[in-house]
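These come from Swiss-Prot:
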BINDING   151-207  ATP binding site
BINDING   Glu281, Asn283  Mg(2+) binding site
DOMAIN    125-311  domain 'ATP-grasp'
Amino acid sequence: MIKLGIVMDPISSINIKKDTSFAMLLEAQRRGWELHYMEMGDLYMRGGDGRARTRRLNVKQDKDNWFSFGAEQDLPLYDLDVILMRKDPPFDTEFIYATYILERAEDKGTLVVNKPQSLRDCNEKLFTAWFPELTPDTLVSRSKDHIRKFHQEHGDIILKPLDGMGGTSIFRVKQDDPNLSVIIETLTELSSRFCMAQNFLPAIKEGDKRVLVVDGEPVPYCLARIPAQGETRGNLAAGGRGEARPLSESDWEIARTVAPILKQKGLIFVGLDIIGDRLTEINVTSPTCVREIEAAFPEISITGMLMDAIERRLADKKA
């Protein structure tokens, strides 16, 4: 029997209708796997070993009573076959410390999804720079002069922090916006932090598409997150509306270009954000939208694809 651990935000406060981590747990349990639950505060390192307080977990599709805990254990993480790192951003120093603890388990044979080193290496905003032919024109800088010049070149730009999620602190700045200076000051904290600028993509009105890639294989359906009236952000957390649809030709092209590199880096479950035919983000920490896509296209099991990939990788380790 496969022992699966998960590191996540408190399961007591999730929305099971939309939570991707919960969908993963349901599928793992359906396969008879043993579930071990952890939060960030349960992880620790002793004598060079990653360890944790874990609780045995049962889950069920019941909006009033979706989980129960069993026995509590204190164990070395290498006792688990696989660990899903599903802690939501912020990607801060605490998150980085957790990846080092998980990496000690990986060094002793545990499969960690996603690979701890790659979680550190592949910043969700910056990793797109490795694929400049697929992205909008992009500037990363602390300098107000650089950002102003970029704004003059394009006239209509998006400014965002490098560590945000869910559409927080994303600004659209048009040609004669009187707030440009204060937005730059706010995002860069008076030129002390890097931020990202990209040319505005009018195709956002058709949706910001979340394309999932599982162990190098693009899922054939995506979730287009369509901005609310008067908004430029499609994120569901910012009031966007989700619409599942098949991948377009350009979605396939982008996903197939990026997928082999993701697989090679041990990034087994990844969410690409695509606007029109441009790649805007590569989400590696805790990608979502599985529930919405599976609800619209029941013939696809994304969590099934993931658990199959985990089984394959575990079999390869033993071979």
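Numbers here mean position along the shown chain, with the first residue as 1.
Placed from the backbone N, Cα and C atoms, the Cβ positions cover glycine too.
Feature annotations (Swiss-Prot) mapped to structure.
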| residue | record | Cβ contacts under 8 Å, 6 or more apart |
| --- | --- | --- |
| His151 | ATP binding site | Ile157, Val173, Leu180, Ala197 |
| Leu159 | ATP binding site | Ile147, Ile170, Phe171, Val173, Ile183, Ile184, Leu187, Cys195, Met196, Ala197 |
| Gly167 | ATP binding site | Arg233, Gly234, Asn235, Ala237, Ala238, Gly240 |
| Gln175 | ATP binding site | Gly155, Asp156 |
| Ser191 | ATP binding site | Arg142, Ser143, Lys144 |
| Asn199 | ATP binding site | Pro136, Asp137, His154, Asp156, Ile157, Ile158 |
| Gly207 | ATP binding site | Ala224, Arg225, Ile226, Pro227, Gly234, Glu243, Ile275 |
| Glu281 | Mg(2+) binding site | Glu124, Lys125, Thr128, Leu272, Asp273 |
| Asn283 | Mg(2+) binding site | Glu124, Arg210, Val270, Gly271, Leu272, Asp273 |
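The number of other Cβ atoms within 10 Å of the Cβ belonging to Ile183 (ATP binding site), over all protein chains shown, comes to 18.
Per-residue confidence over the domain 'ATP-grasp' (125-311) averages 95 (mean pLDDT, predicted model). Asn283 (Mg(2+) binding site) carries a strand DSSP state (E or B). In the three-state DSSP assignment, the secondary structure recorded for Ser191 (ATP binding site) is coil.
Annotation note: His151 (ATP binding site) sits in a helical segment as assigned by DSSP.
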